[in-house]
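What follows is a short report on a single structure.
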Amino acid sequence: MRCDGEVIIVGSGIAAMMSAYLLRKSFHVIMITKSDVFASNSFLAQGGIAAPIAEGDDWQAHTADTWKAGAAHGDETSIEMMTKHAVNMIELLDDLGVSFDREESGGYSLGLEGAHGTRRIVHVNGAETGKAVMRALWKAIKNEITLLDRTCVYRFIKNKDEIIGVETDQGSLFAPVTIVATGGCGQMYSVTSNGKEATGDGIALAYRSGAAISDVEFIQFHPTVYTGNEKEKGLLISEAVRGEGGQLITSAGERLQSLKSRDVVSREIFRQEREGHTVHLDLTGISDFERKFPALYKGFNKSDRRTLKPRVTPGAHFLNGGISVDAWGQTSLSRLYAVGEVACTGVHGANRLASNSLLEGLVFAHQAATHIQQTFQPLTAGLFVERDKAEPRSFKLPTREDLQKKMMRYVGIERHARSLWYMNNWFQPFLDTAHYNGPWPERDMFEQANMTLLASLITRSAAIRTESRGGHFRADYPNGLDKFQQLIIEWQNGAHMKRQRPTIKELSR
């Protein structure tokens, strides 16, 4: 059978690039990205990478903080694996030339962020970590892989229960292994820190092909998104800023708790706004803010540069769930792996701990690459490729703006049975188009279908989970319930199931 490469990677964020870096010597790797190679949330990432690298810190403490932030919903085995590998990942990036900030003594300059028990965040130029890491990884792989940029994957090519390639707007490509690393879905909300490419493509592609997805009701809203500059709309003000002394203050002069977990701080700001107050981040207590956080300072408007008290609001930031995978990044479909934000590894539980996202991408790329190297099997001749389902008679989808506004209002920081029921009904006329498995007449329609499909599943999951936990808050069920602890809501082939994640032990400091 025709084979265009050995490993296809869909996406170009940190998980995609680390996968390519680890596989490039053993296989012909083809990386496909729908935009520029640096157009990813990884490139936008500010705060840094969490690693228990300081004297007195250890992986057990990092594990406990991760578990607690995740509202006791995380996969304990995966969390431990991630935290145990964290220091090795930092050392690897060091070897690749990433210039992490250091103290005069030569040790790492470690930041403190919300819900961490100690300083353990390595960073570059205060809040430019993503750019530095991505540039170093790209430099290491660019001459050893095939890049297809500005190429959109519209469909996974399926043979029975395995994925054997991808269909793009430039044609079909076949390979024995496909890794999906397309990131999250923040663009389905009207306020988000995510780049315009974050439209949930990978999850929708996998789901339409029959892969299981889980925990999608757990959306993390970052409490400090800056919208005061049209050119920098959705600029994230890193948690590192609050770790260095930035204080959240309301227009009424009330000081909020700045270093609680993200879900707690976001809900508090949301409630203040509902009561008619604005919330500002007072940066005047940080000496030499412009030097420590130059990119953030540059992103402020003139007034906020002068006062150093920018207004902030919560925005969609991270999807804690995604494509269901095991500890090796394997999905429920053979030959298909998922790594990074697109995957549900269980390490974040119901609410991600700050600066664990880049770490997850690095560690699980390593896991997937290791498994691929150990189990690689070439494609065999005579495979049967499933034909496309019939194209819908007409393509009917909501506008992006309408979807964003409704998701923010009804399936956002606070949810209620009434709002979820309303949204579930609102989605019904669009679902035939949203479930269609390509080919698509244009990219904008494809992205809108992906967001609509995923938004509908998020809404239905949020309705099923009649409790509050982490990034999922039900105003009509404001407390967590024991019967929902470690209960996973999983979707596959149009139906949902509830499964219990095995609990090994309760993690605590």
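Note: Cβ is positioned from N, Cα and C throughout, glycine not excepted.
Keep in mind that what you see is a predicted model, and the values were worked out from it rather than measured.
Per Swiss-Prot, these features apply:
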type: ACT_SITE; residues: Arg262; note: active site, proton donor/acceptor
type: BINDING; residues: 12-15, Lys34, 41-48, Asp201, Glu341, 357-358; note: FAD binding site
type: SITE; residues: Glu113; note: site 'Important in orienting the L-aspartate substrate'
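Recorded features from Swiss-Prot, shown on the structure.
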| residue | record | CB count, 10 Å |
| --- | --- | --- |
| Ser12 | FAD binding site | 30 |
| Ala15 | FAD binding site | 34 |
| Ser42 | FAD binding site | 29 |
| Ala45 | FAD binding site | 27 |
| Gly48 | FAD binding site | 33 |
| Glu113 | site 'Important in orienting the L-aspartate substrate' | 25 |
| Arg262 | active site, proton donor/acceptor | 26 |
| Ser357 | FAD binding site | 30 |
- Ser42 (FAD binding site): secondary structure state under DSSP, collapsed to three categories: helix
- Task: Determine, from DSSP, whether Ser357 (FAD binding site) sits in helix, strand or coil.
- Result: helix
- At the Cα level, what's the spacing in Å between Ser42 (FAD binding site) and Glu113 (site 'Important in orienting the L-aspartate substrate'), rounded? 18
- Item | Inter-residue Cα distance where the pair is the residue listed as 'active site, proton donor/acceptor' and Ala15 (FAD binding site), in Å | 23
